[in-house]
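Student: Dumping the structure here so I can ask a few things about it.
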């Protein structure tokens with residue numbers, strides 16, 4: 001089989017691989033591609049948004065999922081007319097639905113802009129200020145921690161060891177008096 005040539009799906013002519021890993025001149029051929037998992041890279045700015053499930057991480061499950069029954073309830077024995085109850089339900093639901101849409105139409109884009117700027121600033125400060133300060137602090141504190149450790153081992157360890165030996169000889173007996 002060595003010395004044979006074949007054409008792959010892309011129309012390239014090359015010799016039959018003489019190794020299990022594939023042809024060294026084209027290492028990512030089909031036999032190797034099955035062995036090596038390839039990661040597909042996606043740009044975060046071009047991802048598609050889901051117009052049906054707009055809360056995929058369930059951020060607002062407990063907070064703003066308010067229905068008519070969560071706000072208005074009539075206890076047993078105190079009921080209004082059925083027509084009033086149905087009209088109240090419809091009024092509440094439709095008002096909440098359309099007023100939310102109106103507010104999101106008026107304020108959604110400006111607030112998205114403000115929150116985008118805020119989180120961009122927050123990310124920038126975290127990446128370029130907070131993390132470097134913490135890393136710098138940890139590097140500087142290592143020197144102090146070594147000196148502190150030497151002082152503890154030099155002065156405190158013998159003192160506490162001596163106190164431990166003194167108190168290790170104390171014996172207590174408990175007697176129950178009747």
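Glycine residues also receive a Cβ, built from the backbone N, Cα and C atoms like all the rest.
Below are the features I grabbed from Swiss-Prot:
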| type | residues | note |
| --- | --- | --- |
| MOD_RES | 2 | N-acetylserine |
| TOPO_DOM | 2-104 | topological domain 'Cytoplasmic' |
| MOD_RES | 2 | phosphoserine |
| CROSSLNK | 5 | ubiquitin cross-link |
| CROSSLNK | 26 | ubiquitin cross-link |
| CROSSLNK | 30 | ubiquitin cross-link |
| CROSSLNK | 39 | ubiquitin cross-link |
| CROSSLNK | 47 | ubiquitin cross-link |
| CROSSLNK | 57 | ubiquitin cross-link |
| REGION | 82-94 | region 'Interaction with CAVIN3' |
| INTRAMEM | 105-125 | intramembrane segment |
| TOPO_DOM | 126-178 | topological domain 'Cytoplasmic' |
| REGION | 131-142 | region 'Interacts with SPRY1, SPRY2, SPRY3 and SPRY4' |
| REGION | 149-160 | region 'Interacts with SPRY1, SPRY2, and SPRY4' |
| REGION | 167-178 | region 'Interacts with SPRY1, SPRY2, SPRY3 and SPRY4' |
Student: Six or more residues out from either end of the intramembrane segment (105-125), which same-chain residues have a Cβ under 8 Å from its Cβ atoms?
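Tutor: Same-chain contacts beyond the ends: none.
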Student: Report the mean pLDDT of the predicted model across the region 'Interacts with SPRY1, SPRY2, SPRY3 and SPRY4' (131-142), rounded to a whole number.
Tutor: 94
Student: Between residue 57 (ubiquitin cross-link) and residue 47 (ubiquitin cross-link), what is the CA-CA distance rounded to a whole number of Å?
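Tutor: Cα of residue 57 (ubiquitin cross-link) to Cα of residue 47 (ubiquitin cross-link) measures 16 Å after rounding.
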Student: For a three-state summary based on DSSP, what are the helix, strand and coil counts in the topological domain 'Cytoplasmic' (126-178)?
Tutor: 43 helix, 0 strand, 10 coil
Student: If you draw a 10 Å sphere around the Cβ of residue 47 (ubiquitin cross-link), how many other Cβ atoms fall inside it, taking every protein chain shown into account?
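Tutor: I count 8 other Cβ atoms within 10 Å of it.
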Student: Give the number of CB atoms, excluding that of residue 57 (ubiquitin cross-link) itself, located within 10 Å of its CB.
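Tutor: The answer is 6 other Cβ atoms.
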Student: How would DSSP class residue 57 (ubiquitin cross-link) in three states?
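Tutor: It is coil.
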